[in-house]
């Protein structure tokens, strides 16, 4: 799929707007639709705000905020688009209704990617006329900076759809991870949720504050994980024997009592502890300012890390 | 504790040598002891190899590899040292025997930090003559680059010991995280193990390879976690409402079946899958070369990230 094609973005919340930013920066034409009042105004404001980050990442020569068009019906958005990214609220009934409309009006050869974090492609494509062109294409916030996108086909997805989708996301500077089995929460969110559950336990049990959990990640594993994941990190920590040595040494720890923890009950008390912890940590700095700082950091980090990422078939 | 003081390093495996590299780079005098044959030769080779990384990080003016002395008895190592870092094998009987000797020969005002990842300070300080100066000081690999060190006192640890230790580790460019309750595995390893357990499930169930797990971290959350931990990341993802909104939206996911997973059985089949996955991923590149690349990356990343870490009381 070449850059001269048109992409439709259905639903312009945080994720939809993130996609719009990425698509525009890559020099694509974007047609957006969202029935919410003031949606266009809000999106244009967001895109203007993140444009410096997008410039920092490196833009296509012909990239322009003017290549974004808002339309007033879903039909207008999808009927002439080659690629459709769906980002409506994470509820099965809403997603299925919207996808039925997209399926009705889109060109048969158009590909439909859903940003869902928790619903399978098999569920989403049920009852559609052309289910073979539907996949899950799950991105990560901020979508206009982070390169990961999880691609998962459903039972009815065509092999060619997945191939085309993979090439498309690669062409817009992403790292598509094709997952061949459908699983609740896909892969990356399951990994993050596992860490998050343990973090909630540590806060709930009064061991550390939310800020201290963050520090325990940032100043240690977090620095490594921007370049190497948990497996290769352990492989390096095992000396000449690599992972073989690590599994001998740390395997037994998997039998310890704390490896059997269920998620803690999200009581009002725990909620307040977590919310207050974050608010204290953020201090008087508005979230938008923290976002700008995060974006500036991520743009510089991406510039640095690209020379150091391992050669990988996920590329 | 000023830089003119002398540090003893007991046990010169991967962790002990990492400490030696950090101490030397900070301009300290280091006295090392390890009864293993060839220990001194091996350590000097390692320090020479990592010296360029240490220079990249920025060294004290008077830093020198010549300020490392190996001695042939534990007594000689500890008797005139102001700070003693213990890094013998992770077995309670071995650690307690060695600590009893350290306690016997060290100056009463010397502080003893144990690098243990899994034994509590309360256990380690039992039966010592001066238990009040013993703490857990658990670092992260590579110790000479990553700034995190977890400090945990035991029931008998003096408050002044913890204060002095915190200042000492800060003075050698570390981020000490003081944990006020003793807990198995401390904090950072529990968070990492939680993610690791889920990763093993995903590989065991044939969902993804080890390399794909790594990609799912590197290209998404890993990039963020070098600057912001999981809590502040979610706080930013929640819009103006911050963490309050996130807990409303994602709280229910904590009830899903996959949040109740126990660690998978580490069968021979799973072991081979994990080992082979890492070996394929690493390709023909020797581990030492991967380490050099990792170090070069981490040095540049640390240089970048220091401007962006949130102001934090963990500093």
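Cβ atoms are placed via backbone N, Cα and C, with glycine included.
Remember, predicted model here, so these are calculated numbers, not experimental data.
Noted in TrEMBL for the protein shown:
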type	residues	note
BINDING	A:11, A:12, A:13, A:14, A:15, A:16	NAD(+) binding site
DOMAIN	A:6-181	domain '3-hydroxyacyl-CoA dehydrogenase NAD binding'
DOMAIN	A:185-256	domain '3-hydroxyacyl-CoA dehydrogenase C-terminal'
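Listed in sequence order, A:87, A:115, A:139, A:141, A:143 are the same-chain residues at least 6 apart in sequence whose CB falls under 8 Å from the CB of residue A:15 (NAD(+) binding site). The candidate set comprises the binding-site residues A:13, A:16. Of these, A:16 has the most other Cβ atoms within 10 Å. Residue A:15 (NAD(+) binding site) falls within a helical segment according to DSSP. Using a cut-off of under 8 A between C-beta atoms, the binding-site residues A:12, A:14, A:15 that neighbour chain B are A:14. Same-chain neighbours of the NAD(+) site beyond A:11, A:12, A:13, A:14, A:15, A:16, judged by a C-beta within 8 angstroms of the site's C-beta center, are, in sequence order, A:9, A:17, A:18, A:19, A:34, A:87, A:115. On the 0 to 100 pLDDT scale, the domain '3-hydroxyacyl-CoA dehydrogenase C-terminal' (A:185-256) averages 87 in the predicted structure. Comparing Cβ neighbour counts within 10 Å across the binding-site residues A:11, A:12, A:14, the minimum falls on A:14. The residues of the domain '3-hydroxyacyl-CoA dehydrogenase C-terminal' (A:185-256), classed with DSSP into helix (H, G, I), strand (E, B) and coil, number 57 helix, 0 strand, 15 coil.
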